[in-house]
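Residues annotated as transmembrane segment in TrEMBL: 12-32, 83-104, 110-136, 148-170, 182-206, 227-254, 266-287, 294-313, 319-340, 352-375, 381-401.
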Amino acid sequence: MGGFLTLVEPVVILNSIGSSFYSTALTLAIYSRCNETSGGQSDEAQTLSSNFFLVYNSLGSLVSLLSTVPLGRLADRRGQKVLLVVPQLGSVLGKSFLLVFILYRLPLYLLYVGVCLHGICGGSPAYWSSVVSLAAMRSGPRARSMRLSSVDFVSGVAGIIGSLISGYIYRVKMSYGQTGVLLIFVSLLVCGTGLFYSAFILNYPAISEREEGNPDSSKRGEMDRGAVALLFAAMILFVLGMSGAEKVICLFVLKPPLSWDSVWVGYGQTATNMMYLTSFAGVLLLSRWLSDPALILLGIVSNCTGMAIMAFAQHSWVYFTARGIMMFACIPMPTICSQLSKLMDAQSYGRIFGWLQSSLAVTDVLSTFLFTGLYPLTLDWYSGFCFLLSALVSYLSAVPIL
């Protein structure tokens with residue numbers, strides 16, 4: 001039992017389920033409000049929703065820059081607990097604003113306050129910095145790529161479970177007569193359980209244990225800054241092309257010709273989360289024959305090819321075909337993190353991964369501005385253009401790897 005309590009995976013599972021619930025509730029609540037505002041005009045509702053998510057996602061990413069690296073430095077000195085608990089506390093508090101928004105039909109800007117609160121507590125960058133750091137500390141160099149991929153795997157499984165049932169829960173009306181209230185409440189309950197587990201149950205590695213997961217770190221000497229810079233560049237280019245396009249997809253499927261409802265949105269999120277499972281299977285089966293750089297390139301090609309096909313999705317089966325081709329799209333990020341962890345000492349994980357996640361937060365903002373700003377401009381002539389641009393940009397991430 002003691003060994004189980006050292007695993008960060010239960011925290012990842014709970015947060016992934018809770019986040020899946022919240023993502024479905026947020027997307028549908030915002031689109032519903034924008035549809036009311038636009039008088040049922042689909043293109044105008046798409047534009048209003050796109051503009052909202054542009055500001056919402058940018059605020060979350062930018063505000064998190066203020067605290068991610070300081071929290072990482074503190075974690076390197078005092079332990080990883082602070083880097084895992086504080087972002088989850090902010091997440092629960094931030095998500096509660098959506099519940100208030102729906103119950104009292106408050107203005108949209110209330111949700112900006114919630115995402116800023118989450119960001120001040122470190123947001124997703126700090127949370128994933130801690131998850132990656134803990135998983136790396138609990139694994140040896142040879143098994144690290146598999147271990148980090150397994151974290152993505154359990155996140156994907158949890159996301160599938162959450163996505164499959166989120167659409168059905170969203171439809172349930174409570175005594176307030178509004179849809180989505182129960183889904184948000186369950187999301188808060190699940191994320192709160194993850195916070196409790198992190199704060200009071202999970203066993204964290206002591207300072208003396210950090211080198212045990214890195215037996216070769218004493219022999220490594222100076223960190224190879226050139227290799228670290230190339231891996232940072234590859235990750236940034238990959239996220240620059242992928243992040244913004246994924247945010248556009250959630251709006252793309254709501255408009256004609258797809259016109260998905262809450263259940264189909266849940267199915268679409270399930271297909272997205274399936275990529276974590278297939279990517280893990282790819283690492284498990286192919287790592288015997290392929291090196292880490294080869295696996296990363298496979299993931300890049302898989303992601304970009306599927307995204308290019310997504311540009312031509314006029315029917316639901318084309319969407320799911322594209323997701324199927326993207327089966328290895330989740331390999332690059334954990335494998336690059338594994339490569340990074342082998343280039344540095346465990347005592348610097350919080351700081352380096354904090355810088356990485358902060359860089360990705362800035363990249364996420366740029367990607368969000370690029371794609372959510374461009375998407376409304378393409379609705380009249382070719383709404384799939386953003387996905388072709390995404391594929392092109394993400395393909396550039398292969399250059400640093402090569």
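Quick reminder: no glycine exception, Cβ is built from N, Cα and C everywhere.
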- prompt: Counting Cβ pairs under 8 Å that are 6 or more apart in sequence, does the total for the transmembrane segment (319-340) and the transmembrane segment (227-254) reach three or more?
  reply: yes
Field: Paired segments the transmembrane segment (12-32) and the transmembrane segment (182-206) in contact, 3+ CB pairs under 8 A
entry: yes
In contact by Cβ distance (the transmembrane segment (381-401), the transmembrane segment (266-287); 3 or more pairs under 8 Å): no
Task: Six or more residues out from either end of the transmembrane segment (182-206), which same-chain residues have a Cβ under 8 Å from its Cβ atoms?
output: 2, 5-6, 8, 10-11, 13-15, 17-19, 21-22, 24-25, 79-81, 84-85, 88-89, 91-92, 95-96, 98-99, 102, 134, 137-138, 166, 169-170, 172, 174, 213
Statement: Counting Cβ pairs closer than 8 Å to the transmembrane segment (352-375), the top stretch among 148-170, 227-254, 381-401 is 227-254
Message: If we skip the immediate neighbours and take only residues 6+ beyond the ends of the transmembrane segment (227-254), which ones have a Cβ under 8 Å from one of its Cβ atoms?
response: 23, 27, 31, 46, 49-50, 53, 57, 260, 264-265, 268, 272, 296, 300, 303-304, 307, 310, 313, 319, 329, 332-333, 336, 339-340, 343-344, 352, 356, 359-360, 363-364, 366-372, 375, 383-384, 386-387, 389-401
